Amino acid sequence: MVGALCGCWFRLGGARPLIPLGPTVVQTSMSRSQVALLGLSLLLMLLLYVGLPGPPEQTSCLWGDPNVTVLAGLTPGNSPIFYREVLPLNQAHRVEVVLLHGKAFNSHTWEQLGTLQLLSQRGYRAVALDLPGFGNSAPSKEASTEAGRAALLERALRDLEVQNAVLVSPSLSGHYALPFLMRGHHQLHGFVPIAPTSTQNYTQEQFWAVKTPTLILYGELDHILARESLRQLRHLPNHSVVKLRNAGHACYLHKPQDFHLVLLAFLDHLP
């Protein structure tokens, strides 16, 4: 079944935080005349935006609560992993969201996008990791093998006391997420691959064996990696597919609001 929602096309098929990084409070004060002028300006901008093609959505505007405190730290032991974490502001959901990243990004991406803050506001604990050699995580020899990458991710989740993970895996992070999925999918409550790498390393039968609820997400303008990964990921028996319109490979950057809507809908409907 195919449908459309907010510009998206969809198909249905331990270590503890160490360093506080916030919160940030933004305050505004305007007169009535300024508010009226601002409203008129926004209306004109909206009309121009609708009528003309434009750049990707601004990613610096937080969609979640700017008062959320983002914590950070390092996991213990060998090959420590740097992480950013938010705790639920309201009544906590059972699942916890673990955010990986692509080649050009790191855990800070999810803070800049407002994803961490939004998940906290919606009652989710969320942890964003810096993969080895990225951000504040040092390179690791363990990451040179498939088994080592799976073990590294499993250890990070254990050290962070993540019990019911929903793993969000864009692009390069597929090198870590897919080996972990194949070996430890019973530990995952959900899986959100975003045009991940390494799908070609596994057979149809291996994908069929994974029963984890999966949201396959990709950008309409990603004509290479998204299509390659989709061919294999479709073999996951419990999946849905969402295509973000007018978005490229890093679709969560190009369409952050659509991405957040789709992600929250998936999380909110997990058992």
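Heads up, the Cβ atoms here are built off N, Cα and C, so glycines get one too.
Ser171 (active site, charge relay system) has a Cβ environment of 23 other Cβ atoms inside 10 Å. Per Swiss-Prot, active site, charge relay system is recorded for Ser171 (among others).
In sequence order, Ala195, Ala247, Gly248, His249, Cys251 are the residues of the chain that are 6 or more apart from Asp222 (active site, charge relay system) and have a CB within less than 8 Å of its CB. Residues or ranges marked as active site, charge relay system by Swiss-Prot: Asp222 (among others).
His249 (active site, charge relay system) carries neither a helix nor a strand DSSP state and counts as coil. The active site, charge relay system annotation in Swiss-Prot covers His249 (among others).
Feature annotation from Swiss-Prot assigns N-linked glycosylation site to Asn67 (among others). Neighbour density for Asn67 (N-linked glycosylation site): within 10 A of its CB lie 14 other CB atoms from the protein chains shown.
In this view, Asn201 (N-linked glycosylation site) is surrounded by 14 other Cβ atoms within 10 Å of its Cβ, with every protein chain counted. The N-linked glycosylation site feature in Swiss-Prot is assigned to Asn201 (among others).
The transmembrane segment annotation in Swiss-Prot covers 35-55.
Cα of Asn201 (N-linked glycosylation site) to Cα of Asn67 (N-linked glycosylation site): a span of 42 Å.
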